[in-house]
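Undergrad: If you scroll down you'll find the structure; I have some questions about it.
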Amino acid sequence: MADRNLRDLLAPWVAGLPARELREMTLDSRVAAAGDLFVAVVGHQADGRRYIPQAIAQGVAAIIAEAKDEASDGEIREMHGVPVVYLSQLNERLSALAGRFYHEPSENMRLVAVTGTNGKTTTTQLLAQWSQLLGETSAVMGTVGNGLLGKVIPTENTTGSAVDVQHVLASLVAQGATFGAMEVSSHGLVQHRVAALKFAASVFTNLSRDHLDYHGDMAHYEAAKWMLYSTHHHGQAIVNADDEVGRRWLASLPDAVAVSMEGHINPNCHGRWLKAEAVEYHDRGVTIRFASSWGEGEIESCLMGAFNVSNLLLALATLLALGYPLTDLLKTAARLQPVCGRMEVFTAPGKPTVVVDYAHTPDALEKALQAARLHCAGKLWCVFGCGGDRDKGKRPLMGAIAEEFADIVVVTDDNPRTEEPRAIINDILAGMLDAGQVRVMEGRAEAVTNAIMQAKDNDVVLIAGKGHEDYQIVGTQRLDYSDRVTAARLLGVIA
């Protein structure tokens with residue numbers, strides 16, 4: 001499509017439409033403007049067809065709406081001079097429609113998908129950083145935000161709507177992006193938000209308990225993640241062989257690259273592979289010696305913890321699979337930086353080491369504590385809470401993990417939303433063997449301050465749950481608050 005017009009946009013699905021020019025594409029009738037294409041989908045919370053009159057009143061050029069049944073697919077009506085085209089299974093087609101509207105941006109860059117419960121953000125950031133060090137103009141899309149490296153704009157969801165995703169990709173291409181690393185959530189896969197993207201590679205990090213409030217059980221959660229490889233254009237497949245689900249998937253993906261830091265690879269069983277041979281943790285970070293089907297080498301990194309070794313190896317394997325030379329990757333590896341709010345370290349002379357991490361699942365909290373322990377000479381503190389109006393089943397599990405892996409536990413608030421903060425804390429304490437030893441302090445700023453002020457200079461204080469977030473949701477209010485800023489101020493790193 002040289003320009004955006006209704007006839008060409010819908011040519012694969014509907015004939016006989018006028019060549020009406022279209023300015024922008026939107027799912028939100030409130031922002032629909034003159035010349036726009038309004039798409040009325042039936043969502044989980046609202047039926048967009050109810051807002052067709054509002055969109056027409058605002059001057060839209062055309063409307064695509066969910067058909068009431070298969071028989072109505074392709075039906076064309078006119079309302080007040082505005083063509084309304086009805087398509088069945090519109091949500092499933094939306095990614096392809098938006099892709100055509102925005103001139104297939106995923107085909108105009110090297111786009112890598114990263115899915116899994118934990119490690120998505122760090123792996124995407126490492127991919128973007130590393131590829132940029134090798135000459136690409138790189139961008140990221142995900143939890144922290146969307147944009148070119150260094151120009152990331154914060155977002156609400158890990159994976160935006162199908163229209164948002166294509167729109168953002170088109171914007172990144174227009175800004176000169178040649179490489180993109182994108183977090184792909186299970187919600188995004190189930191809701192077809194990335195269905196029409198052409199991924200150059202797709203990475204699986206791991207699978208552990210999360211989002212069961214949405215998926216119901218682990219089997220459905222795994223099935224949602226598997227969709228990336230079973231129903232999407234996934235390109236090169238890079239899979240973590242240290243994860244039980246990953247090992248199962250590798251049996252169904254004969255061309256995949258198997259990656260391991262724990263030795264779960266038999267090179268004779270995998271055509272392409274990469275595994276750690278030796279890993280040394282120290283106060284400056286980690287030294288990794290590895291072997292692979294591309295050759296061997298050694299990497300020095302300032303990243304903390306075993307799971308970041310896994311993330312780094314997954315990023316390395318992905319770039320090798322995409323054809324980047326091993327020698328160039330080794331030369332640039334030491335310049336990779338930790339991600340904002342992901343095992344991010346704050347230090348000052350005579351003060352405890354403070355680590356801020358986004359860990360908000362049982363598995364992530366365990367991994368964060370194990371990572372911090374590797375670098376801890378004194379006591380290991382853990383300050384954390386659990387989100388309100390979310391999966392209650394993980395609360396006692398996280399309480400048990402904090403008690404087992406930390407020396408001193410401080411339980412506090414983390415986005416209580418509309419739940420009673422003390423009720424959330426009680427759910428966490430229920431998982432502990434000796435809740436009487438736990439320090440409870442509802443106000444998060446006070447809890448973080450108290451822990452850092454009481455910790456000794458050889459202690460490590462892990463503040464888990466919020467990471468990069470700069471807000472606390474109490475009731476329906478979004479209040480300014482940042483673990484990172486609080487820690488930096490207390491250590492005197494910033495005023």
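Placement of Cβ uses the backbone N, Cα and C atoms for every residue, glycine included.
Keep in mind the model is a prediction, meaning the values are calculated, not measured.
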Undergrad: Where Swiss-Prot shows Asp414, Asn415, Pro416, Arg417, Gly465, Glu469 binding meso-2,6-diaminopimelate, which of Arg342, Arg373, Arg390 is named for the same site?
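TA: So the meso-2,6-diaminopimelate site in Swiss-Prot includes Asp414, Asn415, Pro416, Arg417, Gly465, Glu469 plus, from the candidates Arg342, Arg373, Arg390, Arg390.
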Undergrad: If you count other Cβ atoms within 10 Å of each one's Cβ, which of the binding-site residues Asp414, Glu469 has the most?
TA: Asp414
Undergrad: I need the least crowded one of these binding-site residues (Thr117, Asn118, Thr122), counting other C-beta atoms within 10 angstroms of each C-beta.
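TA: Selected from the binding-site residues Thr117, Asn118, Thr122 on minimum Cβ neighbours within 10 Å: Thr117.
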Undergrad: Can you give me the residues near the recorded ATP site, meaning same chain, not Gly116, Thr117, Asn118, Gly119, Lys120, Thr121, Thr122 themselves, Cβ no more than 8 Å from the center of the site's Cβ atoms?
TA: Val114, Thr123, Glu183, Thr205, Asn206, Asn311
Undergrad: Measuring Cα to Cα, tell me the gap between Pro416 (meso-2,6-diaminopimelate binding site) and Thr122 (ATP binding site) in whole angstrom.
TA: 26
Undergrad: Look up Thr117 (ATP binding site) in the DSSP assignment and reduce it to helix, strand or coil.
TA: coil
Undergrad: When you tally the Cβ atoms that lie within 10 Å of each candidate's Cβ, which of the recorded positions (Lys225, Arg390, Arg417) has the highest tally?
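TA: Output for this query is Lys225.
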Undergrad: Measuring Cα to Cα, how many Å separate Thr122 (ATP binding site) from Asn415 (meso-2,6-diaminopimelate binding site)?
TA: 22
Undergrad: If you measure Lys225 (N6-carboxylysine) to Gly116 (ATP binding site) at Cα, how many Å is it?
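TA: Roughly 7 Å, rounded to the nearest whole number.
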